[in-house]
Amino acid sequence: MPAWGSACQTRGRRGGTWHYRERVSERVAVGVLGARGRVGAEVCRGVEAADDLDLVAAVDVGDDPQELVSRGAQVVVDFTHPDVVMGHLELLVGAGVHAVVGTTGFDDERLATLRGWLESSPGTGVLIAPNFSIGAILMMRFAAEAAAYYESVEIVELHHPDKADAPSGTARRTAQLVARARREAGLGAVPDATSTSLDGARGADVDGVHVHSVRARGLLAHQEVVLGGPGETLTIRHDSLDRASFVPGVLTGVRGIAAQPGLTVGLESFL
Ligand SMILES: NC(=O)C1=CN([C@@H]2O[C@H](COP(=O)(O)OP(=O)(O)OC[C@H]3O[C@@H](n4cnc5c(N)ncnc54)[C@H](OP(=O)(O)O)[C@@H]3O)[C@@H](O)[C@H]2O)C=CC1
Ligand SMILES: O=C(O)C1=N[C@H](C(=O)O)C[C@H](O)C1
């Protein structure tokens, strides 16, 4: 029986007599936080279109997040804002509700706080995924794999100008994965003899990897990882052209989170 499966009976006719056959229903009651936002609205549409999911609460600014609990959400998806997401998670984890989180802004300190809350709520699962699109997940994986072979690497992330934060959660995560791969390969610091006269000219330094953030109307979510070695470069690029790109990954997280208690960072282990 799945974690939230409920057994129900269906009636069938065999040999002229009615009999009952047990059928296991795996429907999941889902709440969405940030339901009127750019991604939240897309997630609501995805949940409503799925045969095995029920949208029981759609919450945004002005609504009471307690509704998520009182309406029986088993899993809550959060696409809100880095400034408010921790408050939501404290409420959800305290109530034993699983969470699938796309909202950015998770540093080591926040993750440690979250782990502490989860220790007091055994059986509850939280998935924090910097990016739910399959192409972005593959882009991060390919970048980490390539990083061991190149002396140089820089990341350019490009987004719409209404984005809450910079650098993007995806770029931070990519930089961390690339930096780890470089360490494991025994590579030292990336070569850079530049002496800059303007702050910011070389972007932000994330674990020794330079990250550049572009914000321009017309863009949605894009990233390039530029790797360089003697006489060659390799550019790994991903483009999200529509927010529909995030929905299948979110629904995969929703369906899998009850079976993965504790904290998971990145959708990779659900694929
Ligand atoms: N992991 C991933 O794959 C992705 C992650 N993201 C991240 O998701 C987050 C949201 O992005 P996006 O959808 O573009 O942002 P939006 O601003 O379009 O949506 C956020 C929504 O949350 C609402 N909101 C803000 N505070 C609260 C609150 N306290 N309670 C309930 N709702 C609240 C906002 O309302 P109001 O507008 O009134 O403030 C808005 O409707 C960002 O951190 C972004 O980086 C985005 C895309 C993909
Ligand atoms: O705000 C966005 O739009 C996005 N945010 C996430 C991030 O910061 O990485 C994911 C994607 O890049 C879109």
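In case you wondered, yes, glycine gets a Cβ from its N, Cα and C as well.
Note that the coordinates shown come from a computational prediction; the quantities given were computed from them, not determined experimentally.
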Note to self: Using only what TrEMBL says about NAD(+) binding by G34, A35, R36, G37, R38, V39, G102, T103, T104, A129, P130, N131, F132, identify which of D52, D54, D63 is listed for that site too.
What the structure shows: D63
Next item on the list: Tell me the residue counts in helix, strand and coil for the domain 'Dihydrodipicolinate reductase N-terminal' (29-132), as DSSP assigns them.
Entry: 39 helix, 24 strand, 41 coil
Check: Could you tell me the C-alpha distance between R38 (NAD(+) binding site) and K163 (active site, proton donor) in angstrom, no decimals?
Finding: 10
Next item on the list: Would you count the other C-beta atoms found within 10 angstroms of the C-beta of H160 ((S)-2,3,4,5-tetrahydrodipicolinate binding site) for me?
Entry: 14
Item checked: K163 (active site, proton donor) versus G34 (NAD(+) binding site) - Cα distance in angstrom -> 14
Notebook entry, point to check: Near A129 (NAD(+) binding site), which recorded positions out of H159, H160, K163, G169, T170 have their CA within 10 Å?
Noted result: G169, T170
Next item on the list: Indicate whether T170 ((S)-2,3,4,5-tetrahydrodipicolinate binding site) is helix, strand or coil by DSSP.
Entry: helix
